[in-house]
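Chemist: Take this structure, written in structure tokens, and hold onto it; I'll ask about it next.
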Amino acid sequence: MCILGVFMAAMGPLSQKVIAQEVPENDRGRSFGILHFFQSFGRVASLTITTSVSGLSLLSIKGWRHAMAGFGLVSIIVGIILGCRVTDCPHQRRRQKEEGRWYSLRDTAYVFSNGSVWVMLAMGVLNGIPRSAIHFSTMYFQYCGIPDWWASFIVSSSWIAAMVVAPLIGYTGDIVHSRFPNHGRQCLAQVCIAARCILMTVMLTCIPREAHSLGIFVLLAILIGLLAGWPGVGVNRPILTEIVHPEHRATTFALVSCLEGVGAAALGAPIVGYLCENVFGYVKVMSSKPHSTPTGALRLGNARAIALSMLCMTVGPWLLTLAAYGLLHLTYKVDSRHGSDAAARADDDSLSPRPRETPASETLPLVAK
């Protein structure tokens with residue numbers, strides 16, 4: 001499982017680097033949105049298929065083994081195809097050919113003097129915390145008296161909404177960026193995060209914690225899901241492609257993804273559990289079904305403890321993220337030149353050994369005029 005985790009972790013940064021390399025700057029948001037849609041669709045499809053065939057047997061082999069082997073084989077085939085079709089950026093190929101070596105850590109040292117990169121790394125930690133903390137929502141709905149299947153349906157409806165809206169997120173982000181190149185994406189993220197904070201606060205504090213609130217919970221979960229992907233898909237990923245040199249994009253994506261995992265593992269669900277039991281008065285019950293406890297007061301008390309703990313570890317980090325986007329307004333205009341200028345130099349070097357004689361008609365679309 002550790003080896004599988006290593007390979008799975010590599011897919012995100014590499015796929016996002018390929019998009020940044022192959023797609024023009026003004027269309028990257030739409031491409032990231034489509035990528036997010038198919039990633040989510042693949043997760044849902046694989047979970048559904050694996051769960052459906054897990055109890056079957058073929059040639060005395062359990063069905064889940066066939067499913068894992070099949071998905072693994074498909075992944076290998078797709079990886080081979082991409083490896084044959086997708087090439088390195090021109091500047092990277094030229095440098096590897098001339099110097100005969102890979103990039104060293106010294107080459108990426110400038111990244112750590114980039115203010116926007118530090119802001120994005122901090123937001124990576126902050127984004128991972130709510131993503132982990134929100135996993136307690138199923139338990140919260142169960143303590144509200146909602147049956148198990150409907151509790152999972154509420155959570156799933158939010159995921160499906162986030163998946164469906166992903167292409168629209170990217171397209172909208174590109175439009176806003178084309179009209180307001182220095183502040184558009186940041187403002188879009190701040191508006192969506194503020195709206196999500198309001199919806200989460202309403203769901204956890206204002207809605208009666210009873211089974212008859214099922215419809216309202218579903219509606220709020222869908223609205224939260226519709227707003228979930230805007231900062232990541234429509235803002236963070238496109239910005240990450242613009243604030244570092246093209247050959248260092250995968251490294252930067254990997255750093256941000258790593259810090260998201262750190263935030264989720266260390267500061268998300270563990271802190272929610274600690275707040276529940278030690279701050280807000282959660283009482284452990286021995287029953288296998290928490291909402292079936294005989295006393296309604298205990299059920300509502302535990303629901304309140306979970307709600308307040310989730311509120312602290314979702315809305316709290318989101319508010320800090322709002323402030324981080326405020327800093328990004330100040331740093332992005334200068335730092336965005338790294339990606340554009342480096343791409344221009346790489347393209348110019350690959351087109352001709354004498355850049356002064358290059359006709360204007362041969363200028364690439366990514367070169368700022």
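Every residue gets a Cβ built from N, Cα and C, even glycine.
TrEMBL: automatically predicted annotations, no manual curation.
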Chemist: Of the ranges 29-48, 149-168, which one does TrEMBL flag as transmembrane segment?
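Modeler: Per TrEMBL, the stretch marked transmembrane segment is 149-168.
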Chemist: Going along the chain, which residues at least six beyond the ends of the transmembrane segment (305-328) come within the CB cut-off of under 8 Å?
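Modeler: For the transmembrane segment (305-328), the sequence-distant neighbours (Cβ-Cβ under 8 Å, at least 6 residues beyond its ends) are 115-116, 119-120, 122-123, 126-127, 129-130, 133-134, 136-137, 139-140, 143, 186, 189-190, 193-194, 196-197, 200-201, 204-205, 209, 231, 235, 239, 267-268, 271-273, 275-277, 279-282.
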Chemist: Of the listed stretches 68-88, 214-233, 253-276, which one has the most C-beta pairs under 8 A with the transmembrane segment (149-168)?
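Modeler: Of the candidates 68-88, 214-233, 253-276, 214-233 scores highest.
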